[in-house]
Amino acid sequence: MPEHLNARVEACYRQAEHFFQRSFPRPTVSFRLRGQKAGVAHLDENLLRFNPQLYRENREHFLEQTVAHEVAHLIAHQLFGPRIRPHGEEWQLIMRGIYGLPPDRCHTYAVKRRATTRYLYRCHCPEHNDFPFSPQRHTLVAKGRRYYCRRCKATLVFTGEVLRE
């Protein structure tokens, strides 16, 4: 997987170097990005992070558009400095003029939502209201934190039910 992506990063840099007649330091490339973002450029660290799941599901467009998009951020930063807008004129110039690509801000890849886990807690109100807790909040309860019902002021108690959505 990384070979094609690294080759595309290198190709984008060579195009920029040919156009601007100067060399640019190569970034570190990481595949440790999750969630909805396809890629992120860390300007001061000269680092590119890519989402491996979105790459696998959208390989052709990802290599063409997303890699160029993120490389353009680093090139624009190195050419014009830190005070430019992320998707401003300078970045758009690189996307259109060098890579011949539309300067799209966001991808349109289908992103699968991660399964969520909720732990049901209940109070002693007559209605027996359920309170779904996140795993983080459930862990805090296990460590001694208490949460209270706003109506009856009783401590919320874990019912033993776990919901997976």
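Each Cβ is built from the backbone N, Cα and C atoms, and glycine gets one as well.
As annotated by Swiss-Prot, active site applies to E70, with the evidence given as sequence analysis. Annotated Zn(2+) binding site per Swiss-Prot: H69, H73, in sequence order, evidence recorded as sequence analysis. Under the heading domain 'SprT-like', Swiss-Prot lists 10-158.
Across the domain 'SprT-like' (10-158), the DSSP tally of helix, strand and coil residues reads 57 helix, 25 strand, 67 coil.
Taking the Cβ of the residue listed as 'active site' as centre and 10 Å as the limit, one finds 23 other Cβ atoms among all the protein chains shown. Taking Cβ-Cβ distances under 8 Å and a sequence separation of 6 or more, the neighbours of H73 (Zn(2+) binding site) in its chain are A41, L43, P86, W91.
Within 10 Å of the Cβ of H69 (Zn(2+) binding site) there are 26 other Cβ atoms, across all protein chains. The average pLDDT computed over the domain 'SprT-like' (10-158) stands at 93.
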